[in-house]
């Protein structure tokens with residue numbers, strides 16, 4: 001079984017960066033930094049990808065390098081009101097509470113056919129314009145991804161581009177394994193971030 005990962009303290013955590021290592025499974029919730037094994041990220045980025053993972057949940061993350069400054073990428077990522085700008089699996093989106101710019105606002109998303117879902121009601125959890133962090137959770141809808149929560153961060157790369165990190169936590173659906181759940185969600189997230197890279201470069 002693929003194990004979640006936790007922040008590894010000690011000699012590997014130096015110069016403001018953290019190296020992430022696997023953590024043994026436990027029976028209760030545990031705070032885990034859900035990033036790819038061996039990934040080096042700034043400490044202020046890693047802290048945003050910490051989730052309370054229960055025994056029937058899984059978490060993972062996907063990283064995308066984009067050859068554009070963070071401000072250009074953020075202009076698309078921040079659009080809680082219009083995720084279709086780079087998420088191709090979304091057929092329609094409408095704000096049902098608020099204006100899409102404040103924590104607590106809700107959106108209703110309709111997905112394209114062919115996916116094991118019809119709709120999703122999502123709540124904006126974080127919108128940090130200064131640090132380039134956005135997070136949403138799924139609070140309703142017709143789908144199988146119960147208790148899904150996503151966090152996306154942007155930080156500058158050494159070559160004046162952008163590193164996008166998106167992590168998530170979700171319940172493992174009944175009848176599915178952790179590996180199957182991670183494979184499915186990772187694929188969706190990866191496709192979205194690849195589309196984000198293409199959309200940013202077209203600006």
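Count begins at 1; order follows the chain as displayed.
From the backbone N, Cα and C atoms, a Cβ is placed for every residue, glycine too.
If you check Swiss-Prot, you get these features:
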REGION    1-29  region 'Disordered'
COMPBIAS  1-18  compositional bias 'Polar residues'
REGION    51-201  region 'START-like'
BINDING   87, 117-122, 144-150, 166  abscisate binding site
MOTIF     113-117  motif 'Gate loop'
SITE      116  site 'Involved in interactions with PP2Cs'
SITE      177  site 'Involved in interactions with PP2Cs'
SITE      185  site 'Involved in ABA binding'
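Here the features listed in Swiss-Prot are placed on the structure.
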residue	record	contacts (Cβ under 8 Å, 6+ apart)
87	abscisate binding site	192, 195
116	site 'Involved in interactions with PP2Cs'	143, 144
118	abscisate binding site	110, 111, 141, 142, 143
122	abscisate binding site	106, 107, 108, 109, 136, 137, 138, 139, 141
145	abscisate binding site	117, 120, 138, 170, 171, 173, 185
147	abscisate binding site	57, 137, 138, 169, 170, 171
149	abscisate binding site	51, 125, 135, 136, 137, 138, 168, 169, 170
166	abscisate binding site	61, 62, 63, 64, 150, 151, 152, 153, 189, 192, 193
177	site 'Involved in interactions with PP2Cs'	none
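Per-class residue totals from DSSP over the motif 'Gate loop' (113-117), listed helix then strand then coil: 0 helix, 0 strand, 5 coil. In the three-state DSSP reading, residue 185 (site 'Involved in ABA binding') counts as helix. As a whole-number mean, the pLDDT of the region 'START-like' (51-201) in this prediction is 94.
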